[in-house]
Amino acid sequence: MQLHRINTMDLKHSLRDLCMNPRHTSWAAPLLILGDAVLCALIIWRVPYTEIDWTTYMQQISLYISGERDYTLIKGSTGPLVYPAAHVYIYNILYHLTDEGRDIFLGQILFAILYLATLTVAMTCYRQAGAPPYLLVPLVLSKRLHSVFMLRLFNDGIAAFAMWVSIFLFMNKKLAAGVIVWSTGVAIKMTLLLLAPAIAMVLVLSLSFGPSIRLGFLAVLIQVLFGIPFLRNNPAGYVSRAFELTRQFMFKWTVNWRFVGEELFLSRKFSLALLALHLLLLGLFVATVWLEPSGSNLPSFLQRLIQRRYRTASLSKSFVMTAMLSSLAIGLLCARSLHYQFFAYLACATPFLLWQAGFHPILVYVVWAAQEWAWNAYPSTNASSLVVVLSLAAQVFGVLGNSFSRKHLDQSSQKEHMQ
């Protein structure tokens, strides 16, 4: 009886160590990726491809190949070209690789490789940030994420890959390379602009103000270089189409705000309220979570920065990853409208953010599962859209609240030490 009890305790200890000890991620990650590769093959083999934008992409590329450089005249069956120039160049390559877009099967294989590459980089970031192995499992179980990459062939998959590569580079202090890859991602789809506030903080904390400004100019220069063929022809048309910020979203496609009703969704007041919330949350994160490595409050930090007396901080990999993913989550929470393909950016970020929020592993899985259900509900419902917003709120306010809790504990321990 006692031996059985000891064996049970040993088993529990071993299972806990397997789930919680970060050293196990070095072998767990390759096994999960290998298993997911098999799953990808099964999906391509068994699940029918769904045509949404691929044909339109190919029609637009056909016009580009024929010599059209006026962005306002490049269109397809489902609408005009509304993505920056790097999207055109990448799908131009895919156009030629897939027999002008006709070889869908090859396209799916290429996107499966892209998916596995994205997953590999994301898991590498998790491992370097010291995340426990149990967080890796949800990364390979997302039905919607597999769909975005392999069954839809959306450009969001390519942009998500660029996002994770840039996060990896910033974590490893390859700041210039990180800026180049991130800006290239923005030139595929400007959703990656949501990471800009955190990237600015990482650069300023790591390099101070002057060098950060230079890297900011580098990011802008990359956008100009990508856009040159179109800027020469119709600069206003290119900028207005590729970086349109005033687009009117359709209520029937929204994943996140269906529960507020169409009248409120379409109102200018709602749009301004979301913008105000976005700015407020960014301000809170700058003043608390993202400023933590500087060891000072916001006024003194700004004063030292202006007076050029700021000493650069050494940023942990976990901090960099948290900053960039929380900036993404804030942007998605306050987004005017989310569509299903946006899950390409969020899917691999959620487990890490919930862990950084200090949630119990069971709660991490509950919130993750609820979010996965909500993003798989088609069409979206009042209930599913509410869960989308609440799960994002859990990530954003969880990270913010955990940061406040840590600061309070640190202050309390310092007082006890002084006494």
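Using the three backbone atoms N, Cα and C, a Cβ is placed for every residue, glycine included.
Swiss-Prot has this to say about the protein:
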TOPO_DOM  1-24  topological domain 'Lumenal'
TRANSMEM  25-45  transmembrane segment
TOPO_DOM  46-77  topological domain 'Cytoplasmic'
TRANSMEM  78-98  transmembrane segment
TOPO_DOM  99-103  topological domain 'Lumenal'
TRANSMEM  104-124  transmembrane segment
TOPO_DOM  125-147  topological domain 'Cytoplasmic'
TRANSMEM  148-170  transmembrane segment
TOPO_DOM  171-178  topological domain 'Lumenal'
TRANSMEM  179-207  transmembrane segment
TOPO_DOM  208-212  topological domain 'Cytoplasmic'
TRANSMEM  213-231  transmembrane segment
TOPO_DOM  232-269  topological domain 'Lumenal'
TRANSMEM  270-290  transmembrane segment
TOPO_DOM  291-314  topological domain 'Cytoplasmic'
TRANSMEM  315-335  transmembrane segment
TOPO_DOM  336-348  topological domain 'Lumenal'
TRANSMEM  349-369  transmembrane segment
TOPO_DOM  370-383  topological domain 'Cytoplasmic'
TRANSMEM  384-404  transmembrane segment
TOPO_DOM  405-419  topological domain 'Lumenal'
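Note: the topological domain 'Lumenal' (99-103) comprises 0 helix, 0 strand, 5 coil (DSSP; helix = H, G, I, strand = E, B). Across the topological domain 'Lumenal' (336-348), the DSSP tally of helix, strand and coil residues reads 7 helix, 0 strand, 6 coil.
Within the topological domain 'Cytoplasmic' (291-314), the DSSP-based counts of helix, strand and coil residues read 12 helix, 0 strand, 12 coil.
For the topological domain 'Cytoplasmic' (208-212), the number of residues in each DSSP class (helix H, G, I; strand E, B; coil) is 4 helix, 0 strand, 1 coil. Note on the transmembrane segment (213-231): residues 69-71, 84-86, 89, 175-176, 179-180, 182-184, 186-187, 200, 203, 207, 237-239, 242 of its chain, located 6 or more positions outside it, place their CB under 8 angstroms from a CB of the stretch. Contact between the transmembrane segment (179-207) and the transmembrane segment (384-404) is not supported, since fewer than 3 Cβ pairs fall under 8 Å when only residues 6 or more apart in sequence are counted. Among the recorded stretches 78-98, 148-170, 315-335, 349-369, 384-404, the one sharing the largest number of Cβ pairs closer than 8 Å with the transmembrane segment (270-290) is 315-335. Only pairs six or more apart in sequence are counted, and the transmembrane segment (148-170) with the transmembrane segment (78-98) gives three or more Cβ pairs under 8 Å, enough to call it a contact. Assigned with DSSP, the residues of the topological domain 'Lumenal' (171-178) fall into helix, strand and coil as follows: 5 helix, 0 strand, 3 coil. In the predicted model, residues of the topological domain 'Lumenal' (1-24) average a pLDDT of 74.
Beyond the ends of the topological domain 'Lumenal' (171-178), by six or more residues, the same chain brings 125, 128-129, 199, 202-203, 206-207, 215, 218, 315, 317, 320-321 to within a C-beta distance below 8 angstroms of the stretch. Tertiary proximity for the topological domain 'Lumenal' (99-103) is limited to same-chain residues at least six positions away from its ends with a CB under 8 Å from its CB atoms, namely 54-55, 57-58, 61-62.
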